[in-house]
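Everything below concerns the one structure shown next.
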Amino acid sequence: FNYRSTHHLASHGFYEFLNWFDERAWYPLGRIVGGTVYPGLMVTAGLIHWILNMLNVTVHIRDVCVFLAPVFSGLTAISTFLLTRELWNQGAGLLAACFIAIVPGYISRSVAGSFDNEGIAIFALQFTYYLWVKSVKTGSVFWTICCCLSYFYMVSAWGGYVFIINLIPLHVFVLLLMQRYSRRVYIAYSTFYIVGLILSMQIPFVGFQPIRTSEHMAAAGVFALLQAYAFLQYLRDRLTKQEFQTLFFLGVSLAAGIVFLSVIYLTYTGYIAPWSGRFYSLWDTGYAKIHIPIIASVSEHQPTTWVSFFFDLHILVCTFPAGLWFCIKNINDERVFVALYAISAVYFAGVMVRLMLTLTPVVCMLSAIAFSNVFERYLGDDMKRENPPIEDSKEGLGPNIKNIVTMLMLMLLMMFAVHCTWVTSNAYSSPSVVLASYNHDGTRNILDDFREAYYWLRQNTDEHARVMSWWDYGIDLQICQAGSSGDIEGIFAVIQVGKAMSSNESAAYEIMRSLDVDYVLIIFGGVIGYSGDDINKFLWMVRIAEGEHPKDIRESDYFTPQGEFRVDKAGSPTLLNCLMYKMSYYRFGEMQLDFRTPPGFDRTRNAEIGNKDIKFKHLEEAFTSEHWLVRIYKVKQLDNR
């Protein structure tokens, strides 16, 4: 979708892009693209394409999109160097740039071909933070305006800008609590809040959210608090102690009353909704599963495991607390900021796998500070230092401590580099549309079922055919039919698809007829043991459908009386007769995969299926890929009366 939007922007211009109504997205409603996307990614790629063509460097917009993320990862390394240099020193900055250049937690979003918002947003995030630290250190309006412009770019690129507009006010608030108020902080934050607020509201998709939604209220509250604090500092120099205390008590009481009554009034009138922000589910970790199951169903939105931390950060997980300790030990205004950044990012990364992306930069910076301190202590010239390492010749290790520590640090860095290379090669260098498996002898098998099925769709269906599938595959379906397939997407359609998949064939047929569906596509991994198939995602379809249709769909109906989700004979009758089950296991009961297993043995669920006599009334099998990974069914038309 990002590529299609960028291609439209490059072909028709910016204003046509803002007013573009894409009837192929969010079927059957269509999508007003200009008002429902963060346009920063498309505008950046389009601008680079325009500049290159102005310079007579002929390049296709696709090539710009493919290489945009790697180019911006280089800019991210530079901005990380600048930020770490401001926080500590130049040596730590160089190490931080090296770390973020190869760390898997960021490479996952910056490989060539990864054309997504995060590819440019992490650069904007780091650069905004660098300019903010620069603003606080200098108190310069120039640096603050630059920070506002960088923040504006971040708002245009990614919804994660909310992290910035909450972290910076938190930094100012903590500085006030620590009695570190200064005119530099006042100038920096007052300018940032006013100019940044106005600039952020220029993005059509954001609009008036900065003054209406709960995730922006902290910034407004800190701005008001900062003005009050500055005013009190002004009065303190001009009033007696008794007069100041009386005025302070009255002022605080009046302000608290006004804020309390205002929040009650605005909430009652519906102008603001304190608990309806997009990021409320980050605080109440059970909120999304109950109230927004379509968000909770995404694998990137699941809680992060310890394995994921080590996989994406490796040794940096162990070293970054040491860097945080160094910053707290030698605290100043900007190190308060990085400490708050680290603590909040660790929490959010633990709640949601996707937010590992916001933790990665600060882990790289603090680990660089830790390594830099060790190298300065043990690799520096002892004669030039006031406090060289203590050497104990009696133990025999004294003269060799420097060499031992240096070798240990270099070994850790070498292990980190090897791990990053391995993860990048195995996890992030393969297209998601082509799967690979490995034999016992190390040889690789390529499973090309997705492209096989999409090629069949392109060659054998009308270009305006409507294909119903779970929403994970909608992006691929938009492309596979000459770029004009009608994929069933959008929240309304996702609910309807979930209900159809969860219902019996007759009820599902009515839904498919209402959506004018021509084909149904499912992913089935029972033959090859692929765990990411639709049966394993099925309960999320049930939950999403149940949220809108609780009388028709109930999650408990798909479990056994013992509360188990089973596909064998002990499975729930509702499950064994629903459309998803029948489409997945049609003709599968006749297949014997191995002489050691009975016919109809599902390798993914390790069970023999319970319903082998599956027949269709309203559907017919149209295509099944080589390894049965992709199955396509054609929806029959009504009988001719």
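We number each residue from 1, going along the chain as drawn.
Every residue gets a Cβ built from N, Cα and C, even glycine.
Where the annotation comes from TrEMBL, it is an automatic prediction and has not been curated.
Mean per-residue pLDDT, taken over the domain 'Oligosaccharyl transferase STT3 N-terminal' (1-366), amounts to 88. The domain 'Oligosaccharyl transferase STT3 N-terminal' annotation in TrEMBL covers 1-366.
Summarising the annotation, TrEMBL assigns transmembrane segment to 32-52 (among others). Long-range contacts of the transmembrane segment (32-52) within its own chain (CB-CB distance under 8 A, at least 6 residues past either end) are made by residues 2, 5-6, 8-10, 14, 17-22, 25, 58-59, 61, 64-65, 68, 115-117, 119-121, 124, 153-159, 203-205.
Within the chain carrying the transmembrane segment (64-84), a Cβ under 8 angstroms from the stretch's Cβ atoms is held by residues 2-3, 6, 41, 44-45, 48-49, 52, 92-98, 100-101, 106-107, 109-116, 119-120, 122-123, 126-127, 129-130, 133, 361, 364-365, 368-369, all 6 or more beyond its ends. The transmembrane segment annotation in TrEMBL covers 64-84 (among others).
Taken from TrEMBL, the feature transmembrane segment applies to 90-108 (among others).
Positions annotated as transmembrane segment by TrEMBL: 129-152 (among others). Beyond the ends of the transmembrane segment (129-152), by six or more residues, the same chain brings 79, 82-83, 86-87, 161, 164-165, 168, 171, 182-185, 187-188, 191-192, 195-196, 199-200, 202, 333-334, 337, 341 to within a C-beta distance below 8 angstroms of the stretch.
The transmembrane segment annotation in TrEMBL covers 158-178 (among others). Taking Cβ pairs closer than 8 Å, the transmembrane segment (158-178) reaches residues 38, 40, 117-118, 120-121, 124-125, 128-129, 132, 136, 151, 185, 189, 192-193, 196, 200, 210, 215-216, 218-219, 221-223, 225-226, 229, 278-279, 333, 336-337, 340-341, 344, 348, 358 in its own chain, all 6 or more past its ends.
What TrEMBL lists as transmembrane segment is 185-205 (among others). Outside the transmembrane segment (185-205) by six or more residues, the chain places 18, 34-39, 132, 135-136, 139-141, 143-145, 147-149, 151-152, 155-156, 161, 165, 168-169, 172, 175, 211, 219-220, 222-223, 226-227, 230, 333 with a CB less than 8 A from a CB of the stretch.
Positions annotated as transmembrane segment by TrEMBL: 217-235 (among others). Same-chain neighbours of the transmembrane segment (217-235): 165-166, 168-170, 172-173, 176, 181, 185-186, 189-190, 193, 197, 210-211, 244, 247-248, 251, 255, 259, 272, 274, counting only residues six or more beyond its ends whose CB sits under 8 Å from a CB of the stretch.
Beyond the transmembrane segment (247-268), the same-chain residues lying 6 or more positions past its ends with a Cβ under 8 Å from any Cβ of the stretch are 221, 224, 228, 232, 235, 239, 274. Here TrEMBL flags 247-268 (among others) as transmembrane segment.
Residues or ranges marked as transmembrane segment in TrEMBL: 306-328 (among others).
Feature annotation from TrEMBL assigns transmembrane segment to 335-353 (among others). Here the transmembrane segment (335-353) has Cβ contacts under 8 Å with residues 87, 129, 132-133, 136, 163, 167, 170-171, 174-175, 178, 180, 282, 285, 299-304, 308-309, 320, 324, 327-328, 359, 362-363, 365-366 of the same chain, all six or more residues outside its ends.
Under 8 Å from some Cβ of the transmembrane segment (404-424) lie the Cβ atoms of residues 99, 102-104, 107, 111, 311-312, 314-316, 319, 371, 374-375, 378-379, 397, all in the same chain and six or more residues away from its ends. Annotated transmembrane segment per TrEMBL: 404-424 (among others), in sequence order.
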Distant-in-sequence neighbours of the transmembrane segment (306-328), which means Cβ under 8 A and at least six residues beyond its ends: 87-88, 99, 103-105, 108, 335, 338-339, 342, 349, 353, 356, 359-360, 362-371, 373, 412, 415-416, 419-420, 423, 427
Surrounding residues of the transmembrane segment (90-108) on its own chain - C-beta under 8 Å, 6+ positions past either end: 73-74, 76-78, 80-84, 114, 122, 311-314, 316, 356-357, 359-361, 363-365, 367-369, 371-372, 375-376, 416-417, 419-421, 423-424, 427-428
